[in-house]
């Protein structure tokens, strides 16, 4: 109690639910109304501390009892009660729970040093600077109180001071924890311990903040250099808290704002947050119809990490009209395009790093190619999963399959399986549509098991089946040639194109230098082209002979003609061998193989 007014005592009125102050010894001469609640007070203690009330009283000097209404007073009646107690000299405690309100109300009532020394404004401001801002937990609590005092708390720099304090304290603590992890190795060198850092304790404290204030804290932390992993952990914790609340009226708008804000706060580092969290955000963004910018940002981030994704990650439900596909195929397609564009940019960088010999520094087993192989398997499994959907249009299926470059798939078994599932589920496709779909398959990259299945698959168009049979014949020819070489006593080295086939089907020799490997690959490519040209010439000859035979069959159906037909067809044996191994050296096909071998040697 103020020593200048010892006779004044404060009491609560039993007639009202609010705190109405009644002074037993001195009748009140001023009434202050705050939010519809009247406080019966005295002019002298109020005007000695508050410039706002002093001005109001001076304007009503003639009135015996002045009545003043304070509109939009920060903090409401409870804060005004504390300010009035301060004017009367009644002690109360300044805490993190009321310091922001006291600073705002003292500014509103003009309780500054201009009217009284050690006034409420300076007392509360000193507490904020020297107590609250030295403690991270207190700063978070004051920020939480400021949410209902905006924009006044912003104008008085309360929010800014607390945010700077939080960011500084978090950064200092992380630096201190990093120093604590330093240790000396057996060789005497100082290095960082590999022990995993404990979760920053302040992450859960920040989750109580409103999304707009939380955004400002995270931005300040990123500017101060707080670890990206800590930023990511905080974002995950905040999203889990805000996006798992029970839905109520207007909740979608709040969740949409949370998702869009968190996406904007994601660190640029790839592994700052898990890929599963990015997919979770993307599903929420699709469901809540977030902005296009937020969704594209997530798709770009996911595309850069797609090689570690799983099939379940890609199965994003579609939330559109009833006639759409079960899963969001368009979103996955854009993610694949982002991944492919990243791969192309990596390839461009590799081209820039190549030396004059034209050999890339990354070689055949570069990380980008490893990622491509993983993603190609993932895409084939995804296509097989969505293929049975009756609403999946052919164009969208093909777009997803073609989103990866041609060299991404070393084996086309998975792609063939997904296309077969699509053909089985969409039996109404026309022959032209089937041909368009099967053009995606490189039948030369099918395994023997898949090729055998395709050769008997009546769902494939006839042209594809013929192509499969032709390729199987070529494989059989190579197999027979290798078996012939293994059975003879005097073996000759196989033609160069057979050596090239074996090198391509396995890993390159470890004894060869990368430059030699590259030169060998180029040479084998030329040899394969020559072999393909020769096969085409033989096929043309066979077709011409077939036309002649067809004409002869129309003229005569005798057995004598059939005998001559067998002799003629043996000249164009696609396997390159006669029926008798004993006459191998004199057969036309054997002679042609020797010629082929000589041509191949000359092209080295």
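Backbone N, Cα and C atoms are what each Cβ position is placed from, and that goes for glycine too.
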Looking at the candidate ranges 343-365, 366-388, 389-411, 412-434, report the one that TrEMBL labels region 'Disordered'.
343-365
Candidate ranges 476-517, 518-559 [criterion: TrEMBL lists as coiled coil]:
518-559
Feature region 'Disordered' in TrEMBL, mapped to one of the ranges 305-334, 575-604:
575-604
How do the residues of the domain 'BTB' (28-96) split into helix, strand and coil according to DSSP?
27 helix, 15 strand, 27 coil
Over the coiled coil (518-559), work out the mean pLDDT and round it to an integer.
66
